[in-house]
Amino acid sequence: MSYTTQMDAARKGIQTKELLTIAEKEQWEPDKLITLVAEGKVAIPANKLHTCLNPNGIGSMLKTKINVNLGTSRDLNDLDLELEKVQDAVSMGAESIMDLSSFGDTRKFRRKLTTECPAIIGTVPIYDAVVYYHKALGDITAKEWIDIVEMHAKDGVDFMTIHVGINKQTAHRFKDSKRLTNIVSRGGSIIFAWMEMTGEENPFYEHYDRILEICEEYDVTLSLGDACRPGCIEDASDISQIEELVTLGELTRRAWEKNVQVIIEGPGHMPLDQIAANMKIQETICKGAPFYVLGPLVTDIAPGYDHITSAIGGAIAAAAGAAFLCYVTPAEHLRLPNAEDVKEGIISARIAAHAADIAKGIKGAKEWDHQMSDARKRLDWETMFRLSIDPEKARRYRESSKPEKEDTCSMCGNFCAMKNMNRIMDGEKITIFDE
Ligand code: SF4
């Protein structure tokens, strides 16, 4: 039996090789997983032309996945450097790479990713249109915007962020309701500006059916972008954000009617106490479509440390139902991240995702911690390094401060509670001060 998308296959009862791979990775019965894919609660971003893909499922009941944003910009246009970052990101555990290139030969880089990189590849066609057509924003036609979507699909991209929720009605609501930081989504601000200058409807909204045809043909998962995501604590959960989310709910239903898989992008900046409620609202309005959160950053005041503000929000969001976390680096709000920033962002996002997985009872999550604690109790340093989320840093820190007694660490030395308790529990005597 033939099928178009992973969702179409699931609805026809076909267990694709991607689904079987994911079932094995997640320790799920394929029969149960296929139901979730058919219902849209798990997305399998897997463009038919991305043949080197190592597939992953995105859904709140599966292991929380993380995305890493990379790509060239006008100020830093080094393809080799970006490719090096991509390889590092994959080896550090990123399941997804979003290519946000906005300068140079973007197609060359994109094609390199979809022919060589096993991670899920995502893009934002809006950025690329501005680079590709090489003309003023207001001169880009509605057809040209849609053509870029098709080009990315043909290039093998697994998911695309389309800022389709900011239609004329949402834009009107946004202008009426006044925000402290307006629209902070890069793609959202571009398409809003285009709408303002041309007076036309958002082309992605107007030609949504055509976009669905493209996505169905290549099996591109739609990431419904949140142009109105709050860009500061004060704008969180405001009328513009909620108005757009309602539109995204409607667009989700239309995509599913065409067997097109969907994930929903989310906030943004958000106070800690609003995060769980936002996850619940999204789940209700978008009928359980996987939620892809960009943070949320729980405070605005920590430039240089936004990997931490984001990890705090990401852990809460994922524990409350988000399925996919976009990493944030210490360079957020300040500059394009360098290799070290990328590493810190990835590790922070992975910690957030894993913390949520423990809370959600995801298979294998707690067992990892159990093994680490067991190694700690036994003062088995090599096993601790192996199990560390960042083995290199763990080893480097220990080696930078050698303890007098090899089995302890320089934190407590002779007072090592682990060592002393092991000995006491074994019936030994300890003196501590003269050992
Ligand atoms: S010395 Fe202190 S910190 Fe180090 S392993 Fe022992 S108990 Fe833990």
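From the backbone N, Cα and C atoms, a Cβ is placed for every residue, glycine too.
Residues annotated as substrate binding site in TrEMBL: Asn69, Met98, Tyr127, His163, Ser185, Arg186, Gly187, Asp226, Ala227, Cys228, Arg229, Glu265, Tyr292. If you draw a 10 Å sphere around the CB of Gly187 (substrate binding site), it holds 23 other CB atoms from the protein chains shown.
As annotated by TrEMBL, Zn(2+) binding site applies to His269, His333. Sequence-distant contacts (6 or more apart, same chain, Cβ under 8 Å) of His333 (Zn(2+) binding site) comprise Pro303, Asp306.
Residues or ranges marked as [4Fe-4S] cluster binding site in TrEMBL: Cys409, Cys412, Cys416. DSSP classifies Cys409 ([4Fe-4S] cluster binding site) as coil under the three-state reduction.
Of all the binding-site residues listed here (Tyr127, Tyr292), the one with the fewest other CB atoms within 10 A of its own CB is Tyr127. Here the Cβ of Cys416 ([4Fe-4S] cluster binding site) has 19 other Cβ atoms within 10 Å, regardless of which shown protein chain they belong to. Sitting within 8 Å of the Cβ centre of Cys409, Cys412, Cys416, and not among those site residues for [4Fe-4S] cluster, are the Cβ atoms of Pro403, Thr408, Ser410, Met411, Gly413, Phe415, Ala417, Met418, Lys419. When Cβ atoms from all protein chains are considered, those within 10 Å of Cys412 ([4Fe-4S] cluster binding site) total 13, not counting its own. Whole-number maximum of the Cα to Cα distances across the substrate-binding residues Asn69, Met98, Tyr127, His163, Ser185, Arg186, Gly187, Asp226, Ala227, Cys228, Arg229, Glu265, Tyr292: 20 angstrom. Note on proximity: among His269, Cys409, Cys412, Cys416, the binding-site residues of the record, the Cα nearest Asn69 (substrate binding site) is that of His269.
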